[in-house]
Number of protein chains: 2
Amino acid sequence: MIKQLSTLDQDFEPQFEKLVARDASVDPEITRRAEAIVQDVAARGDEAVIEYTNRFDHLNLKTMEDAIVTREEMLQALETLPADQKQALETAAKRIREFHEHQLEKGWTITDSYGSVLGQRITAIDSVGLYVPGGKAAYPSSVLMNAMPAHVAGVPRIEMVFPTPGGERNQLVLAAAALAGVSRAFTIGGAQAVAALAYGTKTLDPVDKIVGPGNAYVAAAKRYVFGRVGIDMIAGPSEILVICDGKTPADWIAMDLFSQAEHDELAQAILLTPDAAFAAEVQKSIEKLLPTMPRKAIIEKSLANRGAIIVTRDLLEACKVADTISPEHLEISTENPEQWVDHLRHAGAIFMGRWSVEALGDYCAGPNHVLPTSRTARFSSPLGVYDFLKRTSIIHVSEAGAQALAPVADVLARGEHLIAHATSADYRLKK
Amino acid sequence: MIKQLSTLDQDFEPQFEKLVARDASVDPEITRRAEAIVQDVAARGDEAVIEYTNRFDHLNLKTMEDAIVTREEMLQALETLPADQKQALETAAKRIREFHEHQLEKGWTITDSYGSVLGQRITAIDSVGLYVPGGKAAYPSSVLMNAMPAHVAGVPRIEMVFPTPGGERNQLVLAAAALAGVSRAFTIGGAQAVAALAYGTKTLDPVDKIVGPGNAYVAAAKRYVFGRVGIDMIAGPSEILVICDGKTPADWIAMDLFSQAEHDELAQAILLTPDAAFAAEVQKSIEKLLPTMPRKAIIEKSLANRGAIIVTRDLLEACKVADTISPEHLEISTENPEQWVDHLRHAGAIFMGRWSVEALGDYCAGPNHVLPTSRTARFSSPLGVYDFLKRTSIIHVSEAGAQALAPVADVLARGEHLIAHATSADYRLKK
């Protein structure tokens, strides 16, 4: 059902390498097709977007106007939700907004001894495009998590695109968009939607940055338009790693592993524990609970192919193994999790203690659920307000400052054989 | 010599579009060759790196050990520099360090009404690779600007690679590396050096992020390894845009335009002024000063192909045009530049007032000279300490917090048909 390894195994290293190896290859045929669609939309605009949308999503749109969902419609979707869903969405939105408000940054200036002013100005990006996948992967929580940081940053224009195969509009997605400050939405998707956001069409002005998850075509299109617009990371399959001292109920840990495994057959769920008896208990829980899961087929494949229970010498070794994996989600399901957290340098989010189940972070704890996957937590961060702010350097050199600095610039510019640089500095020197 | 446009011209729009159009195409043959080299180095390690280095740089290295430059050698290079160069480099390093120290960020936590602790931990990346181009483009100032933010962030391992065609080691580059906290350097370059940094070899452990400019092969290799490691933006040609009220000496402005044009035939230098007589004066200064420039051939081509003097209705219109261009460097060479700065939303760095010549920013004012090019200032920022820090979300839910949040997560997870998510949250509810 799920591999069991031990760091004491003779062949632990190669087994571990095999477990964490990833196939990051990109299908060149998908790339080629996505790029052709992008180029076509860049050339023909709305007309091409409508053609692809009608073809792929089995719609019958006449113009791009037919694809527009206004903010009024989003608010209406929110108002007409069942009471429990409306309240849950509002609670989540409030907590996510409050957490992200702490990420707001202020510009600053410093004045040096010559009276020159140097600083960093911080402003929001003008416009953002949010991609929301269609069908079963249309997650309202992702709408909150992607749009709210942009909204908190102060981005004035947030355009959402979401394919509606067969014409069905997910009301939870629209309600989440209402709460997260989305300005307008279009019922378009795929590479054609990414192209419309990046290049603009008659109906849709181009945006400056595109975020949000999508299928392989969407990922290929985002890669292609990167540079023209900003993009977020291209996410890999979801990952959970649990470090447990053996004193959390085994059923809890089994279900925590399931909660990532149910996303995707390629998702990775790993338990590290120094307690071999507990490892066996979790195995039993997995076998017992799996048949009760609606997504049991996906969970089973994910656990069989990419999951593992690894018995370690002690909790410190578990931390070392976890750091090598640098997982997206990391649960420290132990007593006094504080004592381990400093040993864990690389993770997207760290869930501390037995009550901090990942699902709370996925929906409503407050921090973002868009997190670095595939070991990129070594160098990248959760999606945040900072991703929708940009910095501009401010350099206001005084006359006295120019007299002091021009000779320095002159020497260094001449050392680089850049004589116009040196001369432009020298011109500011008083004779 | 340089195009003159006016916003009053009937055909200003198409002329302007032509002026700012960019060829962002990538040579597929260079991409193919770079990727083959990366794959070879990933497979064969040191041996492949040495082969390519000896072939492309006409060296005769036996092992990777021969390519190592130790920190002691860097410090020695600093000590043996001519006094004026040593002093200039030290002044620049000190000012750059001090400015970047203001970019350090602190983690934070908040405690909600249930006693749950939520926060953001900020730590430095473990290791960084710095690419420094060889030959004429080996700029010590770029070493300071790329390595210092990593050093200030607290990155413990900074590896530098710099090709030394024919074996000549630029002593200014090594001295700058000493001042900027570089741990070790290798005399290797090209796609093979990028591959060694990304995949690691027997001699060189892989790094987590690669920064620094390079030629088309280096750019292609960085693009290829992106995702496995972090990379900085792939920079386009340099850009300067000057807004002038007509009261700065025309020679100063002409030389400021030269200072970007001398970098590269594809560099872009543009002057915006509402004063037509001043525009004509700058034209004359350009003609007068160009013959005195060692790089006059490059400057002439850059100004003729990509440069322009644009006469605007007034300074406010100049700001609007500048914002469309979103330049890398923007000089506001006017009285009271403060009154214009808020109209300028998109630029890498804004140089305020007549004394703030761009060359001071390039070398020693303090802010970084690695800036967003090709209109990417709409969504991206100067290189900074933040590029070498990463954030980790901390989620420590209390027992009371779990009781309050699990029902919210349950409703939202069921709305997304993710039953394992819902169940894992429910398990934390006290019966």
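Heads up, residue numbers simply count up from 1 along the chain you see.
Every residue, even glycine, has its Cβ placed from backbone N, Cα and C.
For reference, TrEMBL has these:
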- B:TYR131, B:GLN192, B:ASN215: NAD(+) binding site (BINDING)
- B:SER238, B:GLN260, B:HIS263, B:HIS329, B:ASP362, B:GLU416, B:HIS421: substrate binding site (BINDING)
- B:GLN260, B:HIS263, B:ASP362, B:HIS421: Zn(2+) binding site (BINDING)
- B:GLU328: active site, proton acceptor (ACT_SITE)
- B:HIS329: active site, proton acceptor (ACT_SITE)
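Overlay of TrEMBL annotations on the structure.
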{"residue": "B:GLN192", "record": "NAD(+) binding site", "contacts (Cβ under 8 Å, 6+ apart)": "B:ILE37, B:VAL38, B:VAL41, B:ALA48, B:VAL49, B:TYR52, B:THR53, B:PHE56"}
{"residue": "B:ASN215", "record": "NAD(+) binding site", "contacts (Cβ under 8 Å, 6+ apart)": "B:PRO133, B:GLY190"}
{"residue": "B:SER238", "record": "substrate binding site", "contacts (Cβ under 8 Å, 6+ apart)": "B:GLN260, B:HIS263, B:ASP264, B:ALA267, B:GLN268, B:GLU328, B:HIS329, B:THR373"}
{"residue": "B:ASP362", "record": "substrate binding site", "contacts (Cβ under 8 Å, 6+ apart)": "B:SER141, B:SER259, B:HIS369"}
{"residue": "B:GLU416", "record": "substrate binding site", "contacts (Cβ under 8 Å, 6+ apart)": "none"}
{"residue": "B:HIS421", "record": "substrate binding site", "contacts (Cβ under 8 Å, 6+ apart)": "B:ALA409, B:ALA413"}
(request) List nothing but the one residue from B:HIS263, B:HIS329 whose Cβ has the fewest other Cβ atoms within 10 Å; the candidates are the binding-site residues. (result) B:HIS263
(message) Can you filter B:ASN215, B:ASP362, B:GLU416, B:HIS421 (the binding-site residues) down to those whose Cβ is less than 8 Å from some Cβ in chain A?
(response) B:ASP362, B:GLU416, B:HIS421
(message) I want to check the contact list for B:TYR131 (NAD(+) binding site): same chain, sequence separation of six or more, C-beta distance under 8 angstroms. What comes out?
(response) B:VAL161, B:PHE162, B:GLY189, B:ALA193, B:VAL194, B:LEU197, B:ILE210, B:VAL211, B:GLY212, B:PRO213, B:GLY214, B:VAL218, B:LYS222
(message) Give me the count of other Cβ atoms within 10 A of the Cβ belonging to B:GLN260 (substrate binding site).
(response) 32
(message) For a quick check of packing: other C-beta atoms within 10 Å of the C-beta of B:GLU328 (active site, proton acceptor), how many?
(response) 29
(request) With NAD(+) as the bound species and B:TYR131, B:GLN192, B:ASN215 as its recorded binding residues, calculate the greatest Cα-Cα distance and give it in Å as a whole number. (result) 13
(message) With an 8 Å cut-off on Cβ distance to the B:TYR131, B:GLN192, B:ASN215 Cβ center, who else from the chain surrounds the NAD(+) site?
(response) B:PRO133, B:VAL161, B:PRO163, B:GLY189, B:GLY190, B:ALA191, B:ALA193, B:VAL194, B:GLY214, B:TYR217, B:VAL218, B:ALA221
(request) Return one of helix, strand or coil for B:TYR131 (NAD(+) binding site), based on DSSP. (result) strand
